[in-house]
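*Asks:* The structure that follows is given in the form of C-alpha cells.
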2 protein chains.
Amino acid sequence: MEKLQEYLKSHNESEMHPSDIAQILRQLNDSQFAQSVKLIPKNLVGDVALALPDRLFDDVVENLSVDELSHAVTELESDDQLEFMQELEEVNQNVASEVFDTLDEDDKQEITKLQTYDDGEAGAYMQLEVFTATKDEIVHDVIKRFADLRKANELENVQNLFITNEENKLRYTIGLDDLLIFNFSKTLRDNIENSGEKFEPKVARDREDIKDVVHYFEEYDLSVMPVVNDYGVLVGRITSDDIYDIINEHATEQMYNLAGVDDDAEENEEVLRAGKKRASWLGLNLITAILASVVIGMFSDTLQSMVALAILMPIVASMGGNAGTQTLTVVVRQLALGDISQKDAFRIIKKEILISLLNGMIFAIVMGIIAYIWFGMSNLGTVIALSMIINLFVAGLFGAAVPLFLKKMSIDPAIGSAVILTTVTDVVGFFSFLGLATLILL
Amino acid sequence: MEKLQEYLKSHNESEMHPSDIAQILRQLNDSQFAQSVKLIPKNLVGDVALALPDRLFDDVVENLSVDELSHAVTELESDDQLEFMQELEEVNQNVASEVFDTLDEDDKQEITKLQTYDDGEAGAYMQLEVFTATKDEIVHDVIKRFADLRKANELENVQNLFITNEENKLRYTIGLDDLLIFNFSKTLRDNIENSGEKFEPKVARDREDIKDVVHYFEEYDLSVMPVVNDYGVLVGRITSDDIYDIINEHATEQMYNLAGVDDDAEENEEVLRAGKKRASWLGLNLITAILASVVIGMFSDTLQSMVALAILMPIVASMGGNAGTQTLTVVVRQLALGDISQKDAFRIIKKEILISLLNGMIFAIVMGIIAYIWFGMSNLGTVIALSMIINLFVAGLFGAAVPLFLKKMSIDPAIGSAVILTTVTDVVGFFSFLGLATLILL
C-alpha cells in the first residue's frame with residue numbers, strides 16, 4: 001500500500017498510467033487491496049479496473065459506490081465503457097443498471113449502439129471517437145478544432161484525419177504524417193488534389209468478422225482502421241491496441257479448444273462454470289475411452305493367454321496419440337495463421353504422413369527390440385513394431401486430414417479435432433496390436 | 001496469371017500492395033508462379049517475397065538474378081532487409097553473400113548492425129529509420145525536412161518525432177498529434193516548455209527481452225516505441241506491425257511446445273528437420289510409456305487372473321491425461337499472458353484440484369456403474385471409481401504445479417510440462433487401478 005501512495009505522490013495525474021497502478025494493486029493482499037482502491041484517482045479507476053484480471057475487477061467495483069462507478073464510466077473511451085459495463089453486469093446486474101441510469105444521454109446512446117454488435121463482429125471492438133473533417137475546410141481550421149478537442153480530452157491517440165462527405169460517408173483517410181506536410185492555408189480538397197495521392201481509405205465494415213479485420217492489420221501493417229456501416233458511413237475506428245488483445249484472445253481460444261477447455265468459462269473465477277465446460281469434454285473423452293476398451297474387450301481371449309500384451313498395448317496407443325497431436329497442432333495453427341489453406345491439403349497430408357511414418361519406423365524398430373529383450377519373444381517384437389508403424393501412419397493421416405476436413409465443413413478445426421484424433425489412434429492402436437498378436441502369436 | 005496481370009494493369013505502383021500480389025501468387029501452380037514472379041515490379045518484389053510463406057519465398061528468390069535480388073533488398077526497410085537476407089541465406093548461402101557484396105555501404109552496415117542482436121532481443125526486431133530533430137530547431141524547419149524525407153521515400157509510417165541531444169541520446173517523444181498543434185514558428189524547446197507536458201519517452205532497450213517489450217505495447221496501448229542502447233542513444237524503433245507478428249509467433253511457439261513440436265523446425269519445408277525435432281519428443285514419450293508399462297508389469301499376476309482389468313485400465317489413464325492437459329493448458333497460457341503469477345500459485349493449485357476432483361467424482365460414479373453393469377462385479381466398479389478419483393486429483397495437482405514449478409525455475413513452462421504430466425497421470429492411473437484391484441478384488 002505504501003508503494004501505491006508513493007506512486008500517487010510522485011506522479012501528477014496526467015503522468016500516471018492505469019497499468020502501473022494495476023501492477024501495484026496486484027501485489028497486495030485482500031485487505032490492503034480494498035483500502036488501496038479508495039486511493040486511486042477517480043478519473044483513472046475505470047481504466048485501472050479494466051487493466052486488472054476479471055477476478056480483481058470484481059474486487060475493485062465491489063469497493064466503489066454507484067456514483068463512483070458512474071464517474072469511472074464517464075471517463076472511459078466508448079469501447080472501454082462498453083467493456084466496463086459488460087463486466088459490471090457479470091458482477092452485479094442491479095448495480096450495473098443503476099450505474100447505467102446515472103449516465104448522461106450521450107454515453108447511454110454510445111453504449112447501446114456498441115451493444116448491438118455480436119461478439120465476433122468488428123463493430124464490437126471499435127471506439128466511436130474519431131477525428132473528422134469535410135473536404136472544403138481549410139487545414140488550419142481543422143487543426144484548430146483538433147487542438148480544442150485534444151485540450152478537452154475528447155480525443156486520444158489520433159493517427160488519422162478522416163474526411164467525410166455531408167452524409168458522413170468516409171471519403172479519404174489522411175495520416176497525420178501527410179497532414180503535417182499539407183499547405184495549412186488551403187482547403188483539404190486543394191491539398192488532396194495537389195498531392196497526386198488518392199488517400200483511399202482501407203476500411204473495415206462494422207458487421208465484418210473481426211478475424212478478417214485482424215488479418216488486414218497484419219497484412220497491410222496498419223495501426224488504425226476506420227469502421228464504416230453498410231452505407232459507407234463512418235461509425236468508428238479500431239486501433240492497434242485492440243488488435244494486440246484480439247490476437248492474444250484468438251490464440252488462447254485455439255489452445256484451449258485443442259485441450260478441451262472453453263476460454264470464456266475459464267476467464268471467470270467461478271469454479272463451477274469452468275468445471276462444467278471441462279466436464280462436457282471429459283465426458284466425450286470417456287465415451288471414446290470406453291470405445292477403445294470395447295475394442296480391447298474383443299480380444300479378451302488373446303489377452304488372457306498372454307499378459308505381455310496387456311503390458312505393452314498402452315505404448316502403441318500413446319505413441320500414436322502423441323504423433324497425431326504433433327501433426328494436428330501444426331495443421332490447426334498454420335490454418336489459423338493462413339500459412340496453409342484448403343488448396344494445400346494434399347501436399348500437407350502427404351508431408352505429415354511422411355514425417356509420422358518415418359518416426360513410426362524408427363520407434364517401431366526400437367520398441368520391437370525392447371519388447372523382444374523384455375519378454376524374450378521375437379514375434380512379440382514384430383507385432384508391436386508392425387502395429388506402431390500402422391498407428392503412426394494413421395496418426396499422420398488423421399492428424400492432418402481431420403482439421404482440414406473440419407475447416408472445409410466450416411467448423412473450427414481447433415474444436416473437437418483432438419478428441420476425434422485420439423479416438424482414432426486409440427482404436428487403431430489397440431486393434432492393430434491385439435489383432436496382429438491374435439494372428440501371429442496364437 | 002491473368003489475375004496478376006490484371007491487378008498490375010489496374011493499379012499504379014504507389015497503389016499496389018505487396019500483400020495483394022502475394023495473395024494472387026499463392027493461388028498459382030508452379031509453372032504459372034515462376035512466370036509471374038518476373039512480372040512483379042522490381043521495387044516491390046522484396047516485400048512480396050517476405051509476405052509469402054517460407055516455401056514460396058524460396059520459389060521467388062530462385063526465379064531472380066543476383067542483380068534483381070540486390071535491387072529488391074535495397075528497396076526494403078532495414079528490419080525487412082535483415083529478414084530477407086537471413087531467409088536468403090537459408091535458401092542459398094552463396095547467392096546471399098553475392099547479393100550482400102553488391103549492396104551499398106549504408107545497407108551493408110545496417111544489416112551488419114542488426115545482425116549483432118540475438119533472436120530474443122528487442123534490437124533484432126527494430127527498424128533503423130527514425131524521424132529525429134534537436135530541441136533548438138524551429139518546428140517549421142523540422143516539418144520541411146520531414147516533407148523532403150517523405151518525398152524521397154526514406155521514411156514511412158511515421159507517428160512520432162524523436163528529439164535527441166547532440167550525442168544522439170533520446171530526450172523527448174512527440175506524437176504527430178501533438179506536433180500538429182505546436183506553434184510552427186517557434187523552436188521545439190519553446191513549444192515543449194509552453195505545453196506543460198513532459199513528453200517523456202517510453203523506451204525499449206535494444207538488449208531487452210522482446211517479450212517484455214511486447215508487454216509494454218499491450219499494457220500501455222502503444223503503436224510505436226523508440227529503441228535505445230545502454231547509453232540512451234536512439235538506435236531505432238519498433239512498430240505495431242512487428243508486435244502483431246511477435247504475438248502470433250509466441251503463441252505458435254507455446255502451442256507447438258505443448259504438443260512437443262519445434263516452431264523453428266516446422267516453419268521450414270524440410271521434412272527431415274521437422275521430423276527429427278518431433279522424434280526427440282516422441283522418444284521421450286516412448287520412455288515414459290515404457291515406464292507406465294513397467295508399472296503395469298508389476299501387476300501381471302493380477303492381470304492374468306482378471307482380463308477385465310486389462311480392458312478397463314486405459315480409461316483411468318486417459319481420463320487423467322485429459323483432465324491434466326486441461327489444467328496444464330490453462331495454467332501455461334495464463335502464466336504467459338501475465339494473468340496469473342507465481343504469487344497466485346497456492347490459489348491456482350487449490351482451484352485446479354477442486355475442478356479436477358469435482359469432475360473426477362462425477363465420472364468416477366458414471367464409470368463405476370458402467371463397469372459394474374459391463375462385467376457384473378460391483379467391486380470392480382468401486383476399484384475403477386476410486387482410482388479415477390485419485391488420478392483426477394493428481395491430474396489437477398500436477399497440471400497446475402508442474403508449469404508453476406518450471407516457471408519458478410525459469411524454465412519455459414510450455415516445454416516439457418505435457419510429457420511430465422502424462423507420465424504422472426499414466427503411472428498413477430495404472431498403479432492406483434491395478435493396485436486397488438489387487439487389494440480389493442483378489
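Think of each number as a place in line: the chain as shown, counted from 1.
Glycine too: its Cβ is placed from the backbone N, Cα and C atoms.
Take a look at what TrEMBL says about it:
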DOMAIN    B:196-253  domain 'CBS'
TRANSMEM  B:281-300  transmembrane segment
TRANSMEM  B:306-332  transmembrane segment
TRANSMEM  B:353-375  transmembrane segment
TRANSMEM  B:381-406  transmembrane segment
TRANSMEM  B:418-441  transmembrane segment
*Asks:* Where else in the chain does the transmembrane segment (B:381-406) make close Cβ contacts, counting only residues six or more beyond its ends and a cut-off under 8 Å?
*Replies:* 312, 315-317, 319-321, 323-328, 331-332, 335, 342, 345, 348-349, 351-357, 359-361, 363-365, 367-372, 412-417, 420-421, 424-425, 428-429, 432-433, 436-437, 440-441
*Asks:* Sequence-remote contacts (6 or more beyond its ends) of the transmembrane segment (B:353-375), Cβ cut-off under 8 Å?
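*Replies:* Answer is 308, 312, 315, 319, 323-324, 326-327, 381-382, 384-386, 388-389, 391-393, 395-397, 399-400.
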*Asks:* If we skip the immediate neighbours and take only residues 6+ beyond the ends of the transmembrane segment (B:306-332), which ones have a Cβ under 8 Å from one of its Cβ atoms?
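*Replies:* Here the qualifying positions are 254, 258, 292, 296, 299, 340, 348, 352, 355-356, 359-360, 363, 367, 371, 374-375, 377, 380, 384, 387-388, 391-392, 394-396, 398-400, 402-404, 413-414, 417-418, 421-422, 424-426, 428-430, 432-434, 437, 441-442.
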*Asks:* Give the residue counts of the domain 'CBS' (B:196-253) per reduced DSSP state, in the order helix, strand, coil.
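*Replies:* Across the domain 'CBS' (B:196-253), DSSP assigns the residues as follows: 24 helix, 15 strand, 19 coil.
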